[in-house]
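Chemist: Annotations for this protein, taken from TrEMBL, read as follows:
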type	residues	note
DOMAIN	125-234	domain 'Ig-like'
DOMAIN	245-328	domain 'Ig-like'
DOMAIN	347-409	domain 'Ig-like'
DOMAIN	416-501	domain 'Ig-like'
SIGNAL	1-27	signal peptide
TRANSMEM	528-550	transmembrane segment
Amino acid sequence: MASKAAPSCRLVFCLLISAAVLRPGLGLYTVSSTYGDTIIMPCRLDVPQNLMFGKWKYEKPDGSPVFIAFRSSTKKSVQYDDVPEYKDRLSLSENYTLSISNARISDEKRFVCMLVTEDNVYEAPTIVKVFKQPSKPEIVSKAPFLETEQLKKLGDCISKDSYPEGNITWYRSGRVLQPLEGVVDIVFKKEMDPVTQLYTMTSSLEYKTTKADIHMPFTCSVTYYGPSGQKTVYSEQAVFDIYYPTEQVTIQVLPPRSAIKEGDNITLKCLGNGNPPPEEFFFYLPGQPEGIRSSNTYTLTDMRRNASGDYRCSLTDKKSMIASTSITVHYLDLSLNPSGEVTKQIGDALPISCTISASRNATVVWMKDNTRLKSSPSFSSLQYQDAGNYVCETALQEVEGLKKRESLTLIVEGKPQIRMTKIIDPRGLSKTVICHVEGFPKPAIQWTITGSGSVINQAKESPYINGKYYSKIIISPEENVTLTCTAENQLERTVNSLNVSAISIPEHDEADEISDENREKVNDQAKLIVGIVVGLLLAALVAGVVYWLYMKKSKTASKHVNKDLGNLEENKKLEENNHKTEA
């Protein structure tokens, strides 16, 4: 038995050696795995009936074998070779399927499953491929800004931990950027970590921008291969500030308003359409050839009419690029003559002038005591009612807030003037004496009885209007009296008297002394008397006509009576004659 076993062992050893050296031309089987996952490699051989054991090996780059796992078919035991990189990572199942946990890039090898019988060795090779998805690409080292007409580095697109290495592509607004001399320059490089054997890819982009790139997004992507094929991962968008030179200058007047008037404060603002915008400008004022260097604003205070003109601004480094605006400072002057408080005497003449000077046609309005006048006031003979507060107001309708006004307070003075009238009660029981007074300042009225000097304090006064008012008293004198009315103001003292007869003495109202308040009453009484007289005359006329008609009828009737009587007498005589004849 021993002699037979020894040759058998020698045969198996020879077969293993030859299997390790000889590589039968079996078709290659590939297992793809993701980095960090478990690699599962089935033994793609049918297990023979006389199997002694199975083994797994991998081949070094030089072709030499490295055995890593052994499983006996009889003892059902598994042994793993002392290979440091696979320590505690291998698992060989009963059907000789080999599993390798925590897949690494270094596991990309040619593994071979070997099933050994007493007279043969069967092999099935498996190629292991390991894939690692790269990190999401990121644009780093981004330029703070890009300048037109300059080739400048935009940034780096970087993607890490890839296997195999991926490819990076740049995009502008979703379109692929292709290298173009002087416009697009792309430099790609990759680095492998010596420990993990993973790749880091970096793509640097230099780009000549234009104003068309304003707000345009730039992105990059990495394309890589995985177990299921080719895939692409995109970065986040990056938008860059585009710098470009100023091509146009504009000037503004702040705050915006439709018109500028004297006294206004304005600010000139100069703007350039470049990016970044210019920070300094030259400002040129009307009549000043030299510019004033300032920031993009220049303030003018308390504008005057002589400041009207063209205002300009330009770049400090390119004075030919200039902008201008025309400014008109509107003004309004008003002169009222006379003005303030003016005192005149009644009957005086007073010419008034309101003179306007303005940058445009102005409207003029006259007011008296807050009431609008239809025309400008002018006085050839002042009356008390002309006194009052006059205002001349003017405005420019197109210019907000541009108004002027001047006022005149006119005082019309006059010495007291007295006119006395009296009214008799129709019943004859009393008499009303009225003292009409004109004058300004308002005269004070006092009643006295001449002779006795007694002061009458029971007078009634009317309202003082336009320099006029009256005072009246009602008396019932038992004897003839003389009433005196005294009117006095700061200018003069005036006295007037009126004789009033006793109640018992008939007296008629003075036609020329009928007061305004009783004139209508007198007229009504006169109309009544005339009506009565006319009525009486008409009644007498009617009575006369009636009487005449009556008398006429009476005469006619008497004639008829006489005639009738004559006829009767003739009849009597005839009858008598008849009687005589019969006898």
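Backbone N, Cα and C atoms are what each Cβ position is placed from, and that goes for glycine too.
Those TrEMBL annotations? Automatic predictions, nothing curated.
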Chemist: Applying the under-8 angstroms CB criterion, which one of 125-234, 347-409, 416-501 scores highest with the domain 'Ig-like' (245-328)?
Modeler: 347-409
Chemist: Give me the mean pLDDT over the domain 'Ig-like' (245-328), rounded to a whole number.
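Modeler: Here the mean pLDDT over the domain 'Ig-like' (245-328) amounts to 94.
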Chemist: Can you break down the domain 'Ig-like' (416-501) into helix, strand and coil residue counts using DSSP?
Modeler: 0 helix, 55 strand, 31 coil
